[in-house]
Amino acid sequence: MKIYLVGGAVRDTLLKQTVVDKDYVVVGSSVEEMLALGYQQVGKDFPVFLHPKTQQEYALARTERKTGYGYQGFSCDANKDVTLSEDLLRRDLTINAIAQDEHGTLTDPFHGIADINAKILRHVSDAFTEDPLRVLRVARFAARFHHLGFTIAPETLQLMTDIANSGELDHLTPERVWQECDKALSSQSPQVFFDVLKQCQALIVLFPEVDALFGVPQPEKWHPEIDTGIHTLMVLEQTSLLSDNKAVRFAALVHDLGKALTPKQDWPKHYGHGQKGLPVIKKLCARIRVPNEYRDLALLVSDQHQNIHNAFELRAETIVKLFDKGDFWRKPQRLTELLLCCHGDLRGRTGFEQSSYPQAEYLLHCYELASNVDVQSIIAAGYQGSQIKSQLQLNRAETINNYKIQYIESKQLH
C-alpha cells in the first residue's frame with residue numbers, strides 16, 4: 001500500500017494558503033487491511049477511514065460510475081488495483097487533482113500545477129457533468145480564489161451551463177445547496193459565487209428570487225448602475241469588505257428582493273419594496289433551509305433599510321419604535337449588523353464605493369443615549385404596569401430628540 005496527500009491540502013500549499021484539512025488516498029490496500037491496521041471506517045457509500053492517532057481522513061483509491069440522478073447517484077469501485085491516476089481522474093478540477101507522496105514528490109497527471117500558475121479553474125474530464133454539485137463547488141472556488149486572480153476556463157463554464165440546462169440541479173437537496181452557499185458567503189468575494197451561477201444559467205434554478213432582479217431598473221439619479229441585479233452583487237461585495245459576518249452578507253444579498261415584484265409601469269421606482277420582499281425572503285429561507293439567525297436579520301434589513309437611510313428625517317418616537325421592533329435593547333449587535341448592511345447598500349452603487357455613512361454613527365449614539373435612560377426613576381415616580389413602558393418610551397424619545405436638535409445645529413454651524 002502507498003499513501004498520498006491529495007486535494008485541497010496540496011493545492012493550498014502550492015498557493016501558499018493556509019492548509020485547514022488534510023485528506024489522504026491509499027493505493028493498493030483493502031478495507032480488511034485498513035481495519036487490521038487500526039483505522040476506523042466512517043464512510044458508508046465508499047471506504048473512508050480515520051487514522052487511529054491523528055483522526056485525519058484516509059480513503060481507498062476508487063473509481064466512480066454514474067448510476068442515477070444528482071450527486072449521490074454513483075457506484076464506487078475501491079479494489080486494490082485502482083491506480084492513483086484513476087482516483088485523481090474522478091476529481092472535479094485539475095487544481096484539486098494533484099497528489100503528494102511521503103517524500104514530497106508530486107503526481108500531477110492532469111496539469112493542475114500549470115493551471116495553478118495560470119490561475120485557471122479547469123475540469124479534469126468530461127465526467128465533470130455527471131455531478132451537478134460541481135456547479136456550486138466551482139462557483140465557490142471562483143469566489144474563494146477571486147482575489148488571487150483565478151478565473152473559470154470557458155470550456156468548464158460551458159459544461160456548468162450544460163448541467164444547469166439538463167435538469168440535474170433539481171436533484172440537489174436543499175441542505176446541500178445551502179451548505180455550498182454558506183461556504184461561499186465566508187469567502188473573500190462571495191458576490192463572485194452568485195455572478196458565476198448567473199453566467200452559467202444556474203442562478204435561475206437555484207436562487208430564482210435573486211435572478212429575478214436582473215433586468216429590473218432603478219432610478220439612475222440614485223443608482224448609476226441602474227440594474228437591480230448588478231446593484232445587489234455590488235452591495236454584497238461592499239458589505240463583505242465591511243464585515244465577514246455571514247448573516248450580514250446574506251441579508252445584503254436579499255435586501256432588495258421586493259424590487260422584482262414592482263409592476264413594470266411603476267419602474268424605475270420601487271415603492272414599499274422592503275415590505276414586499278418579506279414574504280419572498282421567508283419563502284427562499286424555508287426552501288433552502290437557511291438558519292433562523294440569517295433569516296431574521298434578512299427580514300429586518302429588508303423591512304428597515306429605507307428607514308435607516310432616512311435616519312436624519314425620522315422623528316425621535318419613530319427611532320424608539322425602530323429600536324423596539326428590532327429587539328435591540330436585548331440584542332444590540334443586531335443594530336450594528338443592520339447598519340453594516342445599510343452602509344454596504346449605500347456603497348453598492350457605481351461611484352459610491354468609498355462613501356461614509358453618518359447615519360450609522362448617528363443611530364448608534366441615539367441608541368446609546370436611549371439605553372442609558374433610567375427605568376428605576378420612572379418606577380420611583382409612581383408609574384405602574386404598562387405605564388412604566390409608556391413613560392420609558394417617552395423619556396427615550398425625549399433624550400433622542402434633544403440629541404437630534406444638537407446634532408442638526410452642529411452640522412449647520414459647519
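Quick reminder: no glycine exception, Cβ is built from N, Cα and C everywhere.
Keep in mind that this is a model prediction, so the values were computed, not measured.
Listed features, source Swiss-Prot:
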BINDING   G8, R11, R91, R137, R140  CTP binding site
BINDING   G8, R11, R91, R137, R140  ATP binding site
BINDING   D21, D23  Mg(2+) binding site
DOMAIN    228-329  domain 'HD'
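Structure coloured by features recorded in Swiss-Prot.
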| residue | record | DSSP class |
| --- | --- | --- |
| G8 | CTP binding site | helix |
| D21 | Mg(2+) binding site | coil |
| R91 | CTP binding site | coil |
| R137 | CTP binding site | helix |
Least buried by Cβ count (within 10 Å) of the binding-site residues D21, D23: D21
Integer mean pLDDT for the domain 'HD' (228-329): 97
The domain 'HD' (228-329), counted residue by residue under DSSP: helix, strand, coil: 78 helix, 0 strand, 24 coil
Under 8 Å by Cβ from R137 (CTP binding site), same chain, sequence gap 6 or more: D92, E180
Extra residues within 8 Å (Cβ to Cβ centroid of G8, R11, R91, R137, R140), CTP: G7, D92, L93, I95, N96, F141
Same-chain residues at least 6 apart in sequence whose Cβ lies under 8 Å from G8 (CTP binding site): V19, V20, D21, D23, N96
Residues near R91 (CTP binding site) in space but at least six apart in sequence (CB under 8 A): G7, A97, V124
